[in-house]
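*Asks:* Below is one structure. I have some questions about it.
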Amino acid sequence: MDIATSKPQSTGHANGIAFAVAVIALASIPWFTGSVFHFHIAIMICLGAMAAAGLGTIAWVGQLSLAHGAFVGIGAYTCVLMVMRLGVPFVVGLPLAALVTGAIAYVIGTPLLRLRGVYFVLITFALNELFRLVMLEFPSVSGGSSGIAAIPKISLFGLVLRDQQSVYVFALAMLALVMALLWSIRRGPLGRRFAAVEENLELAEASGIPTARTQNTAFVIGSAIAGFTGAIMAHYIGFISPESFGFQLSVSYVIILVTGGRLALAGPLVGAIFLTPLPEFLRSAQEYQHIIYGVVLIVVLRFLPEGLAGLPKRLAGKGREQS
């Protein structure tokens, strides 16, 4: 049997149900409440899910990157500088931000992905900190510690998205675009190679799969999605600084991904829906936020190793056992 086709790419109907429920909830709840605050939360969920989906693409080949926040930052700065200093329209700057981020990821990933396991994790952590420090040293580009403020709002062919509702519709559409892209990749031959590499790197290599190139492809795609997300985030929030893209941001995406389901297509969305609102609800206990995140992560890893997206599948399996 060809190893590239041996691992199923779908996590089954149960995970499909989790994905459908998450999408329906995300799409409908803000409209029912009509609250500007709820629209803001929904927008941040879309952005968190997009970035975590990019990180999940890297996880599909068995790697965990702690430089994801830096790639979000590269996309953010690329788009903002193009729009504000070169006069490039946002609709042009957005895809260019993804392309530039992907190109940088390719250059970095070619030597970087020779490393395995904890060594890869540590070097990506160092890269994230290096990005932050370098940007602080070039205030003419990054704004330094003061950052860049008054970033123009998202504009689509002259239509400026001034209210939360319109930004939410745009963010939801972009999330759908990213998820559709990843769904098509996952079902195709490239997705099967990703799965083979994640399952058994040595066996995949022995079967003729170019493992280094496959891992680098996943790294480039995932990082490009991060840059794409960063561009939208910067123009929505209206302010960026090097500190916006530090180690904490990378860790937050890891927690979203693991909580939702590291290998499930629905995982990033489910994790973002569950975790993104928490900081807003825990404002009165900010000093305990990281502890709460840690507890959530430990509980999920202990009782739901496939993440929250795997919960319907787990419950369905228990139901069959009882019957």
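Glycine is treated like the rest: Cβ placed from N, Cα and C.
Just so you know, TrEMBL annotations are computer predictions that nobody has curated.
Remember, it's a predicted structure, so these values are computed and weren't measured experimentally.
Positions annotated as transmembrane segment by TrEMBL: 12-33, 39-61, 66-84, 90-108, 117-135, 167-185, 218-239, 251-276, 288-304.
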*Asks:* Please work out which recorded stretch in 90-108, 117-135, 218-239, 251-276 has the most C-beta pairs separated by under 8 angstroms from the transmembrane segment (39-61)?
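*Replies:* Answer, by Cβ pair count: 251-276.
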*Asks:* Can we call the transmembrane segment (251-276) and the transmembrane segment (218-239) in contact, meaning three or more C-beta pairs below 8 angstroms at a sequence separation of 6+?
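*Replies:* As far as Cβ distances go (cut-off 8 Å, pairs 6 or more apart), the transmembrane segment (251-276) and the transmembrane segment (218-239) do not touch.
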*Asks:* By a Cβ-Cβ criterion of under 8 Å, what residues six or more beyond either terminus of the transmembrane segment (66-84) are in contact with it?
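*Replies:* Counting only partners 6 or more residues beyond its ends, the transmembrane segment (66-84) has Cβ contacts under 8 Å with 51, 54-55, 58, 90, 92-94, 96-98, 100-101, 104-105, 121, 124-125, 127-128, 130-132, 135, 141-142, 148, 151-152, 222-223, 226-231, 233-235, 240, 242, 244-251, 253-254.
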*Asks:* Does the chain bring the transmembrane segment (218-239) near the transmembrane segment (117-135), so that three or more CB pairs sit under 8 Å (pairs 6 or more apart in sequence)?
*Replies:* no
